[in-house]
Amino acid sequence: AVFVDLEPTVVDEVRTGTYRQLFHPEQLITGKEDAANNYARGHYTIGKEIVDLVLDRLSVDYGKKNLDIERPTYTNLNRLIGQIVSSITASLRFDGALNVDLTEFQTNLVPYPRIHFPLATYAPVISAEKAYHEQLSVAEITNACFEPANQMVKTIQFVDWCPTGFKVGINYQPPTVVPGGDLAKLDHKFDLMYAK
């Protein structure tokens, strides 16, 4: 988790609270003063001061490594996060074997009720250029889901005494890619085969 607030009081409660050891201090980002409920002040002046810190903490190198984007922007980051959230919540909108409504969503997503911090992994994240000449099997995509490089939380460290588990849900609706976006569709060769 990354905690960001222009006003430090709320995040300082996490820094000094009971659960402070759960969060890395570098993931608690605060400014020196708040925007005083003024959008323009937060967007154009005070907020711009911590943008670099936030982008560094959100592992912007993810876009550099996987999508061949030299300098990822907010748009690139928002598209990636939007794609992940859309895919995770697809079973709320379409037919699927699990996560039929919001109450079942948490029940099925959290393997142990006391350990309720879900970790999202998304694979494959490849650019449109790579998709034309890379052939990925189901086994490779499945293995990529368990690689730490594809996890959306970079600072998590599991302890030995904590039980770990995962759940898989099947959704019959494939994810939709933003037209002109950074991520590639994987059905290009299928489309070529049936274009004749």
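Don't overthink the numbers, they just go from 1 along the chain as shown.
Backbone N, Cα and C define each Cβ position, glycine as well.
Proximity of Glu7 (GTP binding site) to non-local residues of its own chain (separation of 6 or more, Cβ distance below 8 Å) is seen for Thr30, Gly31, Glu33, Asp34, given in sequence order. Look at Swiss-Prot and you will find Glu7, Asn78 tagged as GTP binding site.
The Mg(2+) binding site annotation in Swiss-Prot covers Glu7. Annotation note: Glu7 (GTP binding site) sits in a coil segment as assigned by DSSP.
Among the features that Swiss-Prot reports, 3'-nitrotyrosine is placed at Tyr19. Other C-beta atoms found within 10 angstroms of the C-beta of Tyr19 (3'-nitrotyrosine) number 7, with every protein chain shown included.
Annotated active site per Swiss-Prot: Glu104, in sequence order.
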Between Tyr19 (3'-nitrotyrosine) and Asn78 (GTP binding site), what is the CA-CA distance rounded to a whole number of Å?
29
Should Asn78 (GTP binding site) be counted as helix, strand, or coil on the basis of DSSP?
helix
Tally every other Cβ atom lying within 10 Å of the Cβ atom of Asn78 (GTP binding site).
11
